[in-house]
Amino acid sequence: MAQIIDGKAIAKGIRARIKDETAELKKCDVTPGLAVVLVGDDPASRVYVTMKEKACAEAGIFSDEHKLPAETSEEQLLELVAQLNADERIDGILVQLPLPGHIDESKVLEAISPKKDVDGFHPYNVGRLATGNPLFKPCTPYGVMKMLEHAGVNLTGADVVVVGRSNIVGKPVALMCLAQHATVTICHSRTRDLAQRVRAADVVIAAVGRPEMIKGEWIKPGATVIDVGINRVGEKKLVGDVEFAAASEKAAAITPVPGGVGPMTIAMLLQNTLESAKRRASGCGCGK
Ligand SMILES: Nc1nc2c(c(=O)[nH]1)N[C@@H](CN(C=O)c1ccc(C(=O)N[C@@H](CCC(=O)O)C(=O)O)cc1)CN2
């Protein structure tokens, strides 16, 4: 049976450390500040935004919440982003995705100052990640890398298969694995013989958004499986992109859903906000 990589427990440890470092930073009169912007009433987004606000409060991070109606125009949202860019209390700006269909997502993400882009979605930060000099790493991929580190997985020379090519997870996590000297294959819905690709992988990162699409029997014995998918089936049940029970029979280590990558996403958002605040503090001259 596979070792369970417990994202909830790892995230708890990271959040406790962030709380301590935030308290230290406050001695310089610098309180990390995160603006959280939600447009509309998507129920899942509401849950995630509430989780982010609660995590900020627990860590001593100031959170500035903006819950806007679904009819908010693109212009109004861009105006709010401009205000937050200029607000000195704010180290990070997070616009919860997805946005309502009438708003151009890329326009909004590009309006966020790259220095406050704690999601790491601005093309400037995407470019810095791609060139091996990241300013902010996107939170979910950053969390995935922390989980691999905790599980003691050495990526040098390892065959990593990423299933999914989204800008938020698939592409950045592939770049991060490459930066750690893995041989990376990105697969997607049109990949021919996905099973064969997965069978060859030392590490499988599933981020395709389809419930249990990756079959347990595809997993190479001794592989590490990171399941980024969070799919709601029926009323309440959450499942990942991987057939968990069957994959656990073959893998050496696997992440659960829930309690895997999800909690790490929130922990790494706090980490990015703290890093941003530390950059602000580095100019204050108090030596902390
Ligand atoms: N601006 C952003 N938007 C979105 C991001 C993001 O990183 N930045 N990622 C996802 C959603 N997300 C964070 O925003 C997120 C998803 C899931 C979890 C989580 O902890 N899930 C729990 C289960 C919670 C439940 O019951 O539904 C788990 O997996 O254990 C945290 C954050 C899309 N949008």
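In case you wondered, yes, glycine gets a Cβ from its N, Cα and C as well.
Straight from TrEMBL, the features:
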- 5-119: domain 'Tetrahydrofolate dehydrogenase/cyclohydrolase catalytic' (DOMAIN)
- 138-280: domain 'Tetrahydrofolate dehydrogenase/cyclohydrolase NAD(P)-binding' (DOMAIN)
- Gly164, Arg165, Ser166, Ile230: NADP(+) binding site (BINDING)
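This view paints the features noted in TrEMBL onto the structure.
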residue	record	Cβ contacts under 8 Å, 6 or more apart
Gly164	NADP(+) binding site	Gly170, Ile186, Cys187, His188, Ile205, Ala206, Ala207, Val208, Gly209, Val228, Asp241
Arg165	NADP(+) binding site	Lys171, Ile186, His188
Ser166	NADP(+) binding site	Ala207
Ile230	NADP(+) binding site	Leu238, Gly240, Val257, Pro258, Val261, Gly262
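Residues distinguished by a CB atom under 6 angstroms from ligand 1 are absent from the binding-site residues Gly164, Arg165, Ser166.
For the binding site of NADP(+), formed by Gly164, Arg165, Ser166, Ile230 according to the record, the largest Cα to Cα distance is 16 Å, rounded to a whole number. A coil conformation is recorded for Arg165 (NADP(+) binding site) in the three-state DSSP classification, outside any helix or strand.
Predicted-model confidence for the domain 'Tetrahydrofolate dehydrogenase/cyclohydrolase NAD(P)-binding' (138-280) is 97, expressed as mean pLDDT.
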